[in-house]
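Engineer: Have a look at this one before I ask anything.
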């Protein structure tokens, strides 16, 4: 299960809290959106001036992109590089998903976005810590789990 693409900060925090993760963890993990793409159906409702937090030139760019194809990169600056440009894009109103852009528009999380945008090393460290925590969520052990000899088939 994933958060909704238009969740506000309270909803995002509540979702990640149920996983035992903090707001810092959530923001760091959101930085994974420096990679990948989203179908236009997940963000097109924000275009055509309907979301005032969206940069107008980015809005126009997305309208053109969606007219030609069915998806757009989450980070169109470095779409195949893992870096902190996602946070720099949020500062410019270029968050593709509403749940991304809210990290900058909500003053309670803006400081972390600002910090990660200029401190890539800290982002990398916090991301690795949060990813390790996330990797421990829902792990089955003892009689509830199974280490398979072949991952395609139960033992």
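Here the Cβ of each residue, glycine as well, is placed from N, Cα and C on the backbone.
What you see is a predicted model, and the numbers here were worked out from it, not measured in a lab.
Feature table excerpt (TrEMBL):
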- 3: substrate binding site (BINDING)
- 33: heme b binding site (BINDING)
- 34, 75, 78, 83: Ca(2+) binding site (BINDING)
- 40-66: disulfide bond (DISULFID)
- 1-155: domain 'Plant heme peroxidase family profile' (DOMAIN)
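Can you walk me through where each of these features ends up in the structure?
Structural biologist: DSSP gives residue 3 (substrate binding site) a coil state; it is part of no helix or strand. The 10 Å shell around the Cβ of residue 3 (substrate binding site) contains 16 further Cβ atoms across the protein chains shown.
Residue 33 (heme b binding site) counts 22 other C-beta atoms within 10 Å of its own C-beta, drawing on all protein chains shown.
In the three-state DSSP assignment, the secondary structure recorded for residue 34 (Ca(2+) binding site) is helix.
For residue 40 (disulfide bond), the same-chain residues 6+ apart in sequence whose C-beta sits under 8 angstroms from its C-beta are 62, 65, 66, 69, 70, 71, 72. In this structure, residue 40 (disulfide bond) is part of a helix by DSSP.
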Engineer: For residue 33 (heme b binding site), identify the closest of the binding-site residues 3, 75, 78, 83, judging by Cα separation.
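Structural biologist: Nearest in space to residue 33 (heme b binding site), counting only the binding-site residues, is 75.
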Engineer: As a test of the contact definition, list every same-chain residue at least 6 positions from residue 34 (Ca(2+) binding site) whose Cβ is closer than 8 Å to its Cβ.
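Structural biologist: Correct list: 74, 75, 78, 81, 82, 83, 84, 85, 86.
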Engineer: Ten-angstrom check, please: count other Cβ atoms within 10 Å of the Cβ of residue 83 (Ca(2+) binding site), all chains counted.
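Structural biologist: Cβ-Cβ neighbours of residue 83 (Ca(2+) binding site) within 10 Å number 16.
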